[in-house]
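Beneath this line is the structure, given in structure tokens, with notes to follow.
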Amino acid sequence: MSKALLVLEDGRVFTGMPFGAIGQTLGEAVFSTGMSGYQETLTDPSYHRQIVVATAPQIGNTGWNDQDGESRDDRIWVAGYAVRDPSPCASNWRATGTLEDELVRQRIVGIAGIDTRAVVRHLRRYGSMKAGVFSGKAMIEPLNIEALVQHVRTQQSMLGADLVGEASTLDAYVVEPKGKERFTVAALDLGIKTNTPRNFARRGIRSYVLPASATFNQIADIKPHGLFLSNGPGDPATADHVVALTREVLNAGIPLFGICFGNQILGRALGLSTYKMVFGHRGINIPVIDHATGRVAVTAQNHGFALEGEAGQSFDTPFGSAVVSHTCANDGVVEGVKLADGRAFSVQYHPEAAAGPHDAEYLFDSFVELMAAQR
């Protein structure tokens, strides 16, 4: 039986068997604790240039379908996939094929049969790090582990990686509302998931999805009732254009809502700095405290960077007073910020879920209420 290797930059090597395409891939090794929703994970643009390790032991049981993808064309965005026990068949009435067939079709190199618990414990202790998956001719014969480790180390770090332009749409497009149109939103695509415009559409909102390179004049031409900042990959410290654009929007008084990467962008626009987390938050059961109400929501998350700040912290900005509105109950990481006057707010987690709980879906309604009040 042929074998595959997961090689980490610190020299740790895990041996398994090929899963998906044969060859090599490089990326940042991260882990996701979700017990379900692997198709949504694989197609989430926020995972661009990352090798995802699944903590759930069995992956692929429900195969692959043409409904659950979170990218517009069902593109798989992960750089590689590492699993313990993949299902060789698809057991679901919606399935159009197996997970491995789709990985092969999209040329995603993966590895199976490894001790994913050991990998996760290693990443928790030492942090997310550069990695590579190698199989077939890419393993270099005779096998030279040190050469593979050196190859892994040559890739760019996620720290300082400007990836938004690679994940954003090149051309603007429109997602029409369901039923009567109530509002128009300019949605800045920093790596947007398809379920977000769907949530807007269900609330009667027409979404103009714009590339990350959009200018304020292009936004103003739409005459939107609000601006949405999406999720996305890479280091938010590199997104200076989007931060400057956000400040223009705030100066214009346009209501603003951001999620995930968009939370980091709003935070930077308000004067906060960002940092790279040790291993990040990636899962669908992460508790978040809303400090205005004391309520806890179980949330879906996918981020390796976060805003500096503390629970309930108030701070002055050029746009008025702001506050750290949400933090993670597990580790105190900032999970939301907002302007005190309420015209701009953002959260680090994913209220649109896909996959995950719907505890925070009310935030879309909060955005609708904000736009209605500013109309």
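Positions of Cβ are set from backbone N, Cα and C atoms, glycine also.
Not measured: the values here are computed from a predicted model.
Among S46, S71, S87, only S46 appears in Swiss-Prot as part of the L-glutamine site alongside G232, G234, F261, Q264, N302, G304, F305. Listed in sequence order, the residues G191, N231, P233, D235, P236, C260, H303 complete the 8 Å Cβ shell around the L-glutamine site centroid, once S46, G232, G234, F261, Q264, N302, G304, F305 themselves are left out. Packing around E352 (active site) is summarised by its Cβ count: 26 other Cβ atoms lie within 10 angstroms of its Cβ, all protein chains included. Using a 10 Å Cα-Cα cut-off around G232 (L-glutamine binding site), the active-site residues C260, H350, E352 reduce to C260.
Cβ packing within 10 Å was compared across the binding-site residues F261, F305, and the lowest neighbour count falls to F305. Applying an 8 A CB threshold to same-chain residues 6+ apart, the list for S46 (L-glutamine binding site) reads W77, A167, G191, K193, N231, G232, P233, C260, F261, N302, H303.
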